[in-house]
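**Q** Below is one structure. I have some questions about it.
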Amino acid sequence: TRSGGACNSHNQCCDDFCSTATSTCV
């Protein structure tokens, strides 16, 4: 899985959790 990428418009990441604080995948 990838981390650190931007979340999409639905605040979702492909395989990771979206950090709403930084709007990035964690």
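Positions of Cβ are set from backbone N, Cα and C atoms, glycine also.
Summarising the annotation, Swiss-Prot assigns disulfide bond to C7-C18, C13-C25 and lists similarity to another entry as the type of evidence.
What's the neighbourhood like for each of these?
**A** For C7 (disulfide bond), the same-chain residues 6+ apart in sequence whose C-beta sits under 8 angstroms from its C-beta are C13, C18, S19, S23, T24, C25.
Within 10 Å of the Cβ of C13 (disulfide bond) there are 19 other Cβ atoms, across all protein chains.
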**Q** Look up C7 (disulfide bond) in the DSSP assignment and reduce it to helix, strand or coil.
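**A** Assignment for C7 (disulfide bond) reads coil.
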